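**Student:** Quick paste of what TrEMBL says about this protein:
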- 6-22: transmembrane segment (TRANSMEM)
- 34-56: transmembrane segment (TRANSMEM)
- 68-88: transmembrane segment (TRANSMEM)
- 95-116: transmembrane segment (TRANSMEM)
- 122-143: transmembrane segment (TRANSMEM)
- 193-213: transmembrane segment (TRANSMEM)
Amino acid sequence: MEPATWFWVGAVGMAIGTALPLRDALKNPRHARYDAVLAGVTGFAAVAYALMALGVGSMGVADYTVHLARYADWLVTTPLLVLYLGLLSQPSVRTYVLLIGADVVVIAAGVGAAVTPSAQKWAFYAVGCVAYLVLLYGLLRMLPAALGDDADPRVAATFTTLRNLTVVLWTLYPVVWLLAPTGVGVLQAEMEALVVVYLDFISKVGFVAFAVVGGDAIDRLAADAGPVPDSATPDAGDASVTVDD
């Protein structure tokens, strides 16, 4: 199938994924700020995929096409995923800045490598890989340290699952980029589109779905933040949250 077909599949999948946190936010007002982050991930990705399917923001470089909307998607959604992991682990501002800064460098280097047809692309690729190692260190060491050994078990379990999902899948993206027409060209454009849509779906919709299902961890965190104002709850009975000791 043509890449545009896979992009439409991605747009529909991301739109469906966006409904999950929106529905949860309506049912559980305590989850609102967490669900807003999750909805931002899949919502922005849905728009980006629709733009790619329509050919908006696509440019020809050498003998391949660069979809700038894809990189714009990653530039917004990957920091949001990092932010959500941060909401669970509650690191310092300095840690946030380091993680999101490294993330932005990874994406920016990817754009530079993609639009550079000469051998200089590999310099951009190397910079992106180094920045990704910094990002991995933050995800694997700094965020768990911020979470601490005394964290609520359900919060820790949700964080660990989402973090591991993110690390495993994000590590595959540089490999796909390398094999795709942007790199050595082992994968054709159609196969690259299929693989990236699949990775995006699991890393975004899968992340969002598990985060929503693991809402009891959010209940723990939200309970520490204090009660929800009455004006935010249309029905007092529906808004009550039970926290197990």
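Cβ atoms here come from the backbone N, Cα and C positions, even for glycine.
In TrEMBL, annotation is done automatically, which means it is predicted and not curated.
I would like each feature placed in context: is it buried or exposed, what are its neighbours, and how far apart are things?
**Tutor:** Long-range contacts of the transmembrane segment (6-22) within the same chain: residues 31, 34-36, 38-39, 42-43, 45-47, 49-50, 52-53, 190, 193-194, 197, 200-201, 204-205, 208-209, 211-212, each at least 6 residues beyond the stretch ends and with a Cβ under 8 Å from a Cβ of the stretch.
With a cut-off of 8 Å between Cβ atoms, the residues of this chain six or more beyond the transmembrane segment (68-88) that come close are 33-34, 37-38, 40-41, 44-45, 48-49, 51-52, 56-59, 95-96, 99-100, 103-104, 106-108, 110-111, 114, 139, 143, 147, 155, 158-159, 162-163, 166, 170, 196, 200, 203-204, 207, 211, 217, 221.
For the transmembrane segment (122-143), the list of distant contacts is 82, 85-86, 89, 91, 95, 98-99, 102-103, 105-106, 109-110, 112-113, 116, 159, 163, 166-167, 170-171, 174, 177-178, 183: same-chain residues at least six beyond its ends, Cβ to Cβ under 8 Å.
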**Student:** Using a Cβ-Cβ cut-off of under 8 Å, list the residues of the same chain that are 6+ residues beyond the ends of the transmembrane segment (193-213) and lie near it.
**Tutor:** 1, 3, 6-7, 9-10, 13-14, 16-18, 20-21, 24, 34-35, 38-39, 41-42, 45, 49, 70, 73, 77, 81, 84, 158, 161-162, 165-166, 169-170, 172-173, 176, 187
**Student:** With Cβ-Cβ distances below 8 Å as the criterion, list the same-chain residues six or more beyond the ends of the transmembrane segment (95-116) that contact it, or say none.
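**Tutor:** Distant Cβ neighbours of the transmembrane segment (95-116) are 59, 61, 66, 68, 71, 74-75, 78-79, 82-83, 86, 122, 124-125, 127-128, 131-132, 134-135, 138-139, 142-143, 146, 177, 182.
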